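In what follows, a structure is listed as structure tokens, so that the remarks can point back to it.
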Amino acid sequence: MRPQSVILALSLIFFFLHCTKTLCQSPAAAPAMAPPKTPVKAPPADSSQAPSAQVATSPGPVDINKILQKAGHFTVFARLMQATTEDTELNKELNNTNNGITILAPTDSAFSTLKAGFLNSLSDEDKTELVKFHVLPAFISTSQFQTVSNPVRTQAGTGPRVTLNVTTTGNFVNISSGLTNASISGTVYTDSQLAIYQLDKGLFPLEVFSPKPPAPGPEPALGKPRKAAPEAESPIAPKEIFGAPALLFLLNNPLLFAVSWAFGAIKYS
């Protein structure tokens, strides 16, 4: 065999072995990557139920309606106060006296469970009582709810149908009207005379929203007494047929007495 042929054959063998080794050492294909997962966002919280940022005190007269407007999401309750002029009355009391007041203000969503148009269907008197039911005639701080005595009097009155009951567990304050249970979810405003707290539900008084016990029926009318039948007058002794002088005259005249007696007997027979 020629030397050139040997060299060529060895070169081919070496090239073949080198290519086989390279192919065996080639990296495996990378596994397919899963598509990135889109993070699931939590649904946004209901801003009307979130505690309101406390409204800062400002110099000048107190205006409850302006405080509620600054706090936001108290539109329904603010309109009720305006419609009943209760906000005007409370502003006068706060600015002209030293009396304390506590307002339990339901958020707009607290009224959303009512039927559409329900509040408008109430009489002016019932609207006024509803607003006053959310007003306590004393300043109550958050810590004082722990020691308040039940039943709690409201501006609507003192009877059992217009008072509230307060229960606390730690810092949690629950208020019951007898029909609804609400919780204080934040402080809207407070100074030395006025406190406004946010409620998650409206308070509905029994006096307005529950049927009242039926009024007692009228007593049965007593029958009219029957008139007694007139007694038959005796023909022998007629009443005051004659006066006393005439009777004496007849007694002294037997004949005339007999005639008169006979006449009386015929008249009454």
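Note that Cβ sites are derived from N, Cα and C of the backbone, with glycine treated the same way.
Looking at 30-58, 59-87, 117-145, 175-203, the range annotated in TrEMBL as region 'Disordered' turns out to be 30-58. Note on the domain 'FAS1' (61-203): its mean pLDDT in the predicted model is 94.
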